[in-house]
């Protein structure tokens, strides 16, 4: 099964597609960046358009994005919720099953601990997928971790 992990944000959205056939294989990953100078509608459309391009090229069957819990900044929360909306719209358009684990569930699936640090997650992502070069930025690492978490559900690895 091909799984698209997404770490949505209106400034930077990380994405990654893994394949679970046999063993976990990282097929592609990337970062969708939008300019703060552009109107919000253009920024959100760019996220949608890029995810649609990834989906049509790699044909994932499942999309995984971490459940979002807003912090203190309502402005940031609003933008993330809007980005999540277009990500979910892309999933709906392509027919992807959507999984929304908590941050602790993603960390647990990747590292074995729901309280792992970002660095621990990065190390395990690179180890699980036999990645030699460090992956940056964190948005992409988080997207890969989401995809891995989506593969950890019973009956997913073929």
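Backbone N, Cα and C define each Cβ position, glycine as well.
Within 10 Å of the C-beta of residue 7 (active site) we count 27 further C-beta atoms, all protein chains included. According to TrEMBL, the active site annotation covers 7 (among others).
The Cβ neighbour count for residue 66 (active site), using a 10 Å radius over every protein chain in view, is 24. According to TrEMBL, the feature active site maps to 66 (among others).
Sequence-distant neighbours of residue 139 (active site) (same chain, 6+ residues apart, CB-CB distance under 8 A): 7, 9, 12, 13, 14, 31. According to TrEMBL, the feature active site maps to 139 (among others).
The Mg(2+) 1 binding site feature in TrEMBL is assigned to 7, 139.
Under the heading Mg(2+) 2 binding site, TrEMBL lists 66. According to DSSP, residue 66 (active site) is assigned to coil rather than to any helix or strand.
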Query: Does DSSP give residue 139 (active site) helix, strand or coil?
result: helix
